[in-house]
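*Asks:* Here it is, the structure in full.
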Amino acid sequence: MREVYMNKAIEIANRGSGFVNPDPLVGAILVKNEKIIGQGWYKYFGGEKAEMIAIKDACEDTRDSELFINIEPEINEEDDEYISFISNSGVKKIYIGIPNPKEGRGGKAEEVFKSLGIDVEYGVLRDECEELNEIYTHYIKTGTPFVFTKWAMTLDGKLASRTGDSKWISSEKSLEFVHYLRQRVAAIMVGENTVRLDNPLLTTRLEGVVISNPLRVIVSKYGDIPLNSNILKVDANTRTLIIASEDIAIEKEEELKNYGVDMIKLREKQGKIQFEDIVKALGERNIDSLYIEGGSSLLASAFESGVVNKVYAAIAPKIIGGKDAVTPVGGLGIEKMNDAIRLSRVTHQIIGDDVIFKGYID
């Protein structure tokens, strides 16, 4: 049953997706006599701890209960109010999925809990808990966002027809999955060619869910973006950041900023903006995660730079052919198969009519 309760903690922790960045996703389940009596999740950045919410949510006396948390809380001996609250709750044992990965924090909460006479056990659904907070772990260790890509392609490996038409390769269910990914991240990125061809909104659209729109990041060296583009429609819920060259014309910079967009200007190296500089600049803005959605040239640059951590690829049961049809990853490509980028920990699932592969670049 321990796995069942921890899985529930992971499930409700996900409700904080898009709202707690750059903090971790945290869920807590309170159990007594093999029955869930309380639950809580970390709801927004700077909000109340999940375990405190779970205890307050309890429908009966919490003495001799057990608490399941997916990640070790960040606490220390000076957190008197928190320590007193946990002590007075009467919780007898705490199951923790993974230690806190922040330097100097791992095991600190365990010390506090044990000083209160509470048993502590780590490792229930460890792998699942690690994946849940892979963004957090990567960000606090590197200071740069966890980067993943996702594309949809036909069975013959095409991103669009020879005329550029790509609506829609994926099934409706698969398209919905894209919006769950958008909900999860702090920022979503496309290149200026994608803006010109598709005029995307890059917003999250899900039914029955409180929406969090990621920061829309557009890579455009000289700001060559149509002024009627959807990404230039900015409000409190839809923000846009343009990554431009230091050499962008002042007039163009001012024109775009008049639409309410923000801009980071980076120095070109070898004629282009380097992805290493992009992720560093985003990390300095507390962007802990970046979803690169396209197009093929941008994806090629990301892979060539080595910044990509995770890949999703949706394969639809369609064939369109054409030697001039676009493939997901552009650029020159490799010369030898031995040089191919290899994915590890590969899994797949069927969503709608599509097969979605997931893998990591270690």
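Glycine residues also receive a Cβ, built from the backbone N, Cα and C atoms like all the rest.
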*Asks:* Quick one: which of Glu74, Glu78, Glu293 does TrEMBL put in the substrate site with Ser166, Arg182, Leu202, Arg205?
*Replies:* Glu293
*Asks:* Provide the number of Cβ atoms within 10 Å of the Cβ of Leu202 (substrate binding site), excluding the reference atom itself.
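*Replies:* Result for Leu202 (substrate binding site): 24 neighbouring Cβ atoms inside 10 Å.
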*Asks:* So if I measure Cβ to Cβ from Gly295 (NADP(+) binding site) and keep only same-chain residues at least 6 apart in sequence, which ones fall under 8 Å?
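*Replies:* The list for Gly295 (NADP(+) binding site) reads Leu159, Val190, Gly191, Asn193, Thr194, Leu197, Val326, Gly330, given in order along the sequence.
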*Asks:* What average pLDDT is reported by the model for the domain 'CMP/dCMP-type deaminase' (1-120)?
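*Replies:* So the average pLDDT across the domain 'CMP/dCMP-type deaminase' (1-120) works out to 94.
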*Asks:* Taking Ser166, Arg182, Leu202, Arg205, Glu293 as the record's substrate-binding set, what's the max Cα pairwise distance in Å, rounded to a whole number?
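*Replies:* Maximum Cα-Cα distance: 19 Å.
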